[in-house]
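Now, the feature entries from TrEMBL:
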- 52-118: domain 'HMA' (DOMAIN)
- 126-192: domain 'HMA' (DOMAIN)
- 201-267: domain 'HMA' (DOMAIN)
- 295-315: transmembrane segment (TRANSMEM)
- 327-348: transmembrane segment (TRANSMEM)
- 369-387: transmembrane segment (TRANSMEM)
- 399-417: transmembrane segment (TRANSMEM)
- 560-578: transmembrane segment (TRANSMEM)
- 590-614: transmembrane segment (TRANSMEM)
- 899-916: transmembrane segment (TRANSMEM)
- 922-941: transmembrane segment (TRANSMEM)
Amino acid sequence: MSSIRENGGGARGDDDLKAPLLQPASGGAVAITVPAAGQNSKAATAVDKKVRTAKFKIGDIKCTSCTGSIESVLKELDGVQTVAISVLDGHAAVTYVPELTTVEKIKETIEDAGFPVEHLSEQDIAVCRLKIKGMMCTSCAESVERALLMIDGVKKAVVGLALEEAKVHFDPNVIDIAGIIESIEDSGFGAVLVSSGADVNKVHLKLEGFESLEDCKQIQSLLESAQGVNHVEMDLDEHKLTINYDSAITGPRSLIQLIEEASPSPNMYHATLYVPPRQRENDQLHETQMYRNQFLWSCIFSVPVFLFSMALPMFHPYGNWLSYKLYHNLTVGMLLRWILCTPVQFIVGRRFYVGAYHALRRKSANMDVLVALGTNTAYFYSVYVIIKATTAENFEGQDFFETSAMLISFILLGKYLEVVAKGKTSDALAKLTELAPETACLLTLDTDGSVISEEEISTQLIQRNDIIKIVPGAKVAVDGVVVDGQSHVNESMITGEARPVAKRPGDKVIGGTVNENGCIHVKATHVGSEAALSQIVQLVEAAQLARAPVQQLADRISRYFVPTVSSLCPLFVADWIPKAMDKFELALQFGISVLVIACPCALGLATPTAVMVATGKGASQGVLIKGGDALEKAHKVKTVVFDKTGTLTVGKPQVVSAVLFSNFSMEEFCDLATAAEAVVDHAKRFRHKIGSNPDHIPEVKDFEVHTGAGVTGKVGERMVLVGNRRLMRTSEITLGPEVEKYIFENEELARTCVLVAIDGKMAGAFAVTDPVKPEAQRVISFLRSMGITSIMVTGDNRATAAAIARDVGIDYFFAETTPVGKADKIKDLQGKGEIVAMVGDGINDSPALVAADVGMAIGAGTNVAIEAADIVLIKSNLEDVVTAIDLSRKTIARIRMNYVWALGYNVLGMPIAAGIRLPPWLAGACMAASSLSVVCSSLLLQSYKKPLHVREG
């Protein structure tokens, strides 16, 4: 309670921070509006939505005539909207249209006017997510990341190979999304926008009844000027609209109504909801079909090549015709193999040439380079053999056309299987996105709250404050609060809690959960991207994109593995030459095999695929892990620090006894002591019992919070202190033997004593209890079996803390600790070399959650996106602490196993290739099997089960 009041007091300060740096109306500042030439009011309204503000520090400003000079030169610059210049300190704010001018042009214009100027960074950082096409291995991901970081204006970039996406933080004043995509394409990869920071809440509409393009543009202008609309994008050919809006101000139904009301005649304009196809699923389907088709086309030519070179010659006399000489030593078999291999090499295999070209431009070697080099060596040596066989009468040589064709076929097969398997790594996330129902029953109420009508609408049309009817057996359509009815809701798909949760008026519900019995009316509070389900999906997607530190090992190995292996080729060739084989042919075959098998493609998939499966699986069980970093740190945890209230205990303190140490009546005493929330509830019950108004709460003045001690305030003419011993001591309130005895007796029973002093004298006390969670003792015991030490920190008194610790089985605890003190205790433990996890409620424990190596916010409910923790446990069950740590350990173990699969093929393949003359096409099969093994290994995490549930079973 004290924390809430203390934070609330800072609202004024937050508003001050949000105020403009410059106040043009006063303080010696001059504000000038510069209208663009020929711009009408409607156009100005549309442009206003797209302006940005740049801040400058201008030197040598001595008077208002200086500001007039700057104004005159900026007035001539197309795109400048307004200028505000402070005569006193030279600070200037210029609003401009990015499409018409840039910060650099404004700066140069001011400098040309004879004034020194410095651009002040506004920290205006935008974020976008891009789908990257054409990445084959870790080297490709690193190349994209380097290309992004080299772009002027890009502050941070993370590229995920398994997800095939990039998350880019950039300054929109310097670079836009189109420029970022262009830079990626220049580096040899494709890029498509997945989402941008502006895509907070958006709706797609299909327009009907429009007779001309002017009508469409008029509607676009109308929407852009509407309150709450951030951005409007229109496809004039398809008559489709995409609108970004603020859900607190407007909503999709309001926007549709606005469009239809703008119709020149009744029922002329119509706007309907349009659901665009899901980009990720479409891209994955397209990629799967592409690799499948390329593999099938490759097989059409490769299988006959294989038969003509390796199968038919072994069956006499069926293969004798292949040895028939057409001219000199040119045989039918050679010619057929050449004809069939060529389309595979240059048409089906074109993608390897393109990829190799761009990689070499970047001065790097990826899988495309190695495959192109290996297949070209085999192909062009075989062409050389054909030319020599045609021109020389006595030349005998072996062509390797089957090597080139079969190698490309096996690599394409491997990529096809890999793409199919990778699609399954995000199955858990896909299931989460499908939880929300497609339709909802919207209620219209009159002023008395009676239902006037019911209407079935798409869930995408739900707006904030709508009343939605949820019938038994139906899915809850939206995050909200129950306003009417009672029921039980199954939240297992969101929180992992198997037991249905009772819901009554005032209780919160989460969209996507199932209403078991009873009809309830729900008032929508969070819609669109603000909903818990959307936030969970966004958080998991961000976690899957984040790179775990263990991935750095794979990156280093990939960087040095190829050149090291390639340099060792001559050593192996010299020692392993079979007597019956030509040295050059062995060197050629072995060189091609090593080039192919030296590509550690699977290494790049070892970590991200495991992280993708683990984060998705965790999300389906109510454990949200914010990235690979948190996942990796959690497996090293040796000490878990628990907060007491709301973490080890239920978090709903109740007054179990009250005692008076003064002449006040109990009614007057309760009235004066309503500063603490638990006491408020007790006071209401007491007043109801004696028949007085239970809602009467006296007004408190001069309210003050004493962190970790209590609160003080003035009720009428009396000064009231409510808190613990520390507050009484600092306020010089004497505690008599009777008070000390009451405190001692209750603390031994794990109760907290809330002391009340009125006008400088002890007036009475309340004994407050907070029951321990039923699973707490079992969780502490299980953590001990995992080799993890549990510690409790609390702001409560030592006796109560000792009683709680004894009940749950914790050996070490710290009592009477402030929120900042909790963070200090964690730092002390870290100083002893401990890897520490902090488990708290995510609100009062924020300093400790941030200080810990791994912060776990428990019982976060619908506020999953704003916690300071690394891991968010959706429900308030302590079992999920064990689940988070155990899942982390299982994931890291799986990543290490993936490294064995990834490197095993490379390390073992080299001596095998040398010892038994492993054909290059078989080396390609091994490389494909390596990537497939890694992805399938990661998919085994899908079978993960909670350890405590397993033990119970």
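Placement of Cβ uses the backbone N, Cα and C atoms for every residue, glycine included.
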Same-chain residue ranges lying at least 6 outside the transmembrane segment (327-348) that approach it to Cβ under 8 Å: 294, 297-298, 301-302, 304-305, 308-309, 313, 321, 375-376, 379, 382-383, 385-386, 389-396, 399, 401-402, 404-405, 408-409, 412
Beyond the flanks of the transmembrane segment (399-417) by 6 or more, those residues with Cβ under 8 Å of it: 288, 291-292, 294-295, 298-299, 301-302, 305-306, 309-310, 334, 337-338, 340-341, 344-345, 348-349, 352, 371, 374-376, 378-379, 381-382, 385-386, 588-589, 592, 596, 919-921, 923-925, 927-929, 931-932
Same-chain residues at least 6 beyond the ends of the transmembrane segment (295-315) whose Cβ lies under 8 Å from its Cβ atoms: 322-323, 333, 336-337, 340-341, 343-344, 348, 399, 401-402, 405-406, 408-409, 412-413, 416
Tally of DSSP helical, extended and coil residues in the domain 'HMA' (52-118): 22 helix, 22 strand, 23 coil
The domain 'HMA' (201-267) [mean pLDDT, rounded to integer]: 81
Residue distribution over DSSP helix, strand and coil in the domain 'HMA' (201-267): 22 helix, 20 strand, 25 coil
Tally of residues which DSSP labels helix, strand or coil - the domain 'HMA' (126-192): 22 helix, 24 strand, 21 coil
